[in-house]
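Asks: One structure coming up, written as structure tokens, with questions to follow.
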Amino acid sequence: MLPCLFPAYGSVVACKPSAIDRSPFGLLSQPKQTNRTLIRRPKVTKAFMAIEAMRHCSSSSSSEEGGAAATTAARSAVRERLQLAPPSPSPSPYDTAWVAMVPALRRGGGGPRFPQCVAWIQRNQRGDGSWRHAAAAHQQLGSSPEIVTERDLSSTLACVLALARWDAGSEHVRRGLQFIGRNMSVAMDDQTAAPASGSVVSFAAMLRMAMEMGLEVPAVSQADVRDRDAGVICHGGRTEYTAYVSEGLGNIQNWNEVMKFQRKNGSLFNSPYTTAAALVHNYDAKALQYLDMLLDKFGSAVPAAYPANIQSQLYMVDVLEKMGISRHFVGEIKSILDMTYSCWKQRDEEIVLDMQTCGMAFRMLRMNGYDVSSDELSHFSEPSSFHNSLQGYLNDTRSLLELHKASKVSIAEKEVILDNIGSWTGCLLKEQLLSSAMKRNPLSEEVEYALEFPFYTILDRLDHKRNIEHFDITSSQMLETAYLPCHSNEEIMALGVRDFSSSQFIFQEELQQLNSWVKESRLDQLQFARQKLDYFYFSAAATIFTPELSDVRILWAKNGVLTTVVDDFFDVGGSKEELENLVALVEKWDKNDKTEYYSEQVEIVFSAIYTSTNQLGSMASVVQGRDVTKHLVEIWQELLRSMMTEVEWRQSRYVPTAEEYMENAVVTFALGPVVLPALYLVGPKMPDSVIRSQECSELFRLMSKCGRLLNDVQSYEREGSQGKLNSVSLLALHSGGSVSMEEAVKQIQRPIEKCRRELLKLVVSRGGAVPRPCRELFWSMCKVCHFFYSGGDGFSSPTAKAGALDAVIHEPLNLSCSV
């Protein structure tokens, strides 16, 4: 594979793929050198550090082997992380310190119950006197080493208290207190900037504990200790929250209430520090067994959360999908989803009791074809489920966002639970966006994006680019002081960058060849026709982006251009005689027939359809192992007949019923020649019985009806001025004046949503005659229709979607966004 160039001081340029990645059917010429240089000069960021291992200069003779080796190594690192038995999570100093404070004897005497934790604390103090989580230390790469967070102070103070409690390591204690004193302004700033989070309550309470133990924190007096405890306790409906931060509330906590949240494994919230804090104040055999298990498993230190396997694995899968590289890890992802589904059916506490994990699991399982009922989310159907939870008190945006995303994966006309969840989560997220605190939240852009663009309006490659450019290689999922493992983020970033940049090179070559085809076919000479090659190719590249599906993209774009030409010919370009001549030629399908061309326009249009369809038929017949050309011809014949029907209606001023209109309109929307032939090239065998099955017909009907209605909503005014009827104007017309055009537009939204949900159900359901990769094509086109026709007629506009087109095909990745 030729090297993907990652300039150390510029944007990523398109990467040239290996010949083995290209089309197996010879539609594309051999790779050519491109003269298009797309280089910017963004600042150097951590994103470039993530891809250094894969950067090879083009002048190096070993760059091809090196690039391939780096890709293989990166995939192996990610694959290791995806295993069901992942590497041990990194130790958490904060949690380990609280475990170290647990006494050996039931009433608090006899020294530490876990002396190995005390020893670990002594061994792992950093040079500046602090104790920091490994993820926090990693975050300093490429940035100032002086950055200190309130979380670092909490971890350090907890370790100081653990050592002081057992009179161990006086020098460690002194250095730790000095670190806290030097950075005390961080804690004070955090306390004044936001409501009391768990770590702030803990820090204030731990400062009080330190003073009660006779420890002197430099630059800290009694007046500096902001005791938030009373405010938390008297805040109604926050019992779960106060239980979670129980280590910071000490003797003022109601420990009997706390233990109501104990899970089957003996823990409180799967949190080592919360469980340990409970044991410090209130002996419990099951809680002690939980901590014993952790130390048996991890040795002398504990992680920030355990178990957190399901959430961390789902998060990893989600990241791979967002970066556009999940196809490289199909087997590993299937194992994770199978395991998650098994836990889902057993109502595992790690899923059911956690809002974020439950939302992610539901969305990912449903989209991957697992049978999950929205009834399992009934405990989240009302906003009180959030307000009265730990996530609610922490104003946990991530949990809200994941639940909101889950609500959009609806596959029935009425899924009341999902509709309710979507309503209240959407309202709360909008409220959060208006708050000043949200402006400091790195999730704010993601929330805005999710609210404005539901997943069914987003084209995959456009989304991948955004996610790559905003990917934070140092980020990790966290709640309070709990970090989840975040290994291999550099490899994920590198793979995403290489994959996207390589695909851009392919896209640019394919589009160049398609432009040549338009000229060779003389389609550019048709003055009446809209020139929509770029848009059609973009819609293919943005949804069918893998290198091996090159022929599908070429077909999609060619037939998209041809259907647009035919549509314009029937609308404005052709006379009645020309239209009848074209229909007759397509019906006979014989270029050597004696039928004369009525005009040069007819000859150009028919020749382009005839030549392209026969070439495609030959190619598809090889893939399928049988002759499919006849079916491809039938698709064009049906389209032209239906278009002629519309012309006859218009000329005779016939007003069809809504049912008559829609039966014809699902054909004249002209997605048949684009999507149906593509089914033959995706890979799976498509016998004639399958291609003509009720299931395939229903997939086509739902996709086409959804697209047609979306188009009608945006075009009814323009078409009305041309004397054309569509579903909006027919609804108003047949109502006898009781429905205005504005009301008709609103009413049309319901069947659009119904069609989309029913289509998604067919796509994600297991079983059926049509293979899943083929069903995905119908869903891809549905998303394309939503993309172009949500908020305007983006297809007819020459500029509305030009920026998106450039982003996917031409503009290189701008990694200056990454941090």
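Cβ coordinates come from backbone N, Cα and C, glycine included.
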Asks: I'm validating the feature mapping. Which of 252-256, 522-526, 567-571, 752-756 is tagged motif 'DDXXD motif' in Swiss-Prot?
Replies: 567-571
Asks: Write down the single range among 58-77, 458-477, 718-737 that appears in Swiss-Prot as region 'Disordered'.
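Replies: Result: 58-77 is the stretch Swiss-Prot calls region 'Disordered'.
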Asks: If I take the Cα of ASP571 (Mg(2+) 2 binding site) as reference, which of the binding-site residues ASN711, SER715, GLU719 has the closest Cα?
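Replies: Going through ASN711, SER715, GLU719 one by one, the closest to ASP571 (Mg(2+) 2 binding site) is GLU719.
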Asks: Report the residues of the chain - excluding ASN711, SER715, GLU719 - with C-beta within 8 Å of the mean position of the site's C-beta atoms, for the recorded Mg(2+) 3 site, in sequence order.
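Replies: Checked against the 8 Å cutoff, the neighbours are ASP712, VAL713, GLN714, TYR716, ARG718, LYS724, ASN726, ASP793.
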Asks: Which residues does SER715 (Mg(2+) 3 binding site) neighbour through Cβ under 8 Å, counting only same-chain ones at least six apart?
Replies: ASN726, ASP793, SER796
Asks: Under a criterion of Cβ-Cβ distance under 8 Å and sequence separation of at least 6, what residues of the same chain contact GLU719 (Mg(2+) 3 binding site)?
Replies: ASP712, LEU725, ASN726, SER729
Asks: Cβ neighbours within 10 Å, counted over all protein chains: which one of the binding-site residues ASP567, ASP571, ASN711 has the most?
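Replies: Neighbour-count leader: ASN711.
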Asks: List the Cα distance (Å, whole number) between ASP567 (Mg(2+) 2 binding site) and ASN711 (Mg(2+) 3 binding site).
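Replies: Answer for this pair: 14 Å between alpha carbons.
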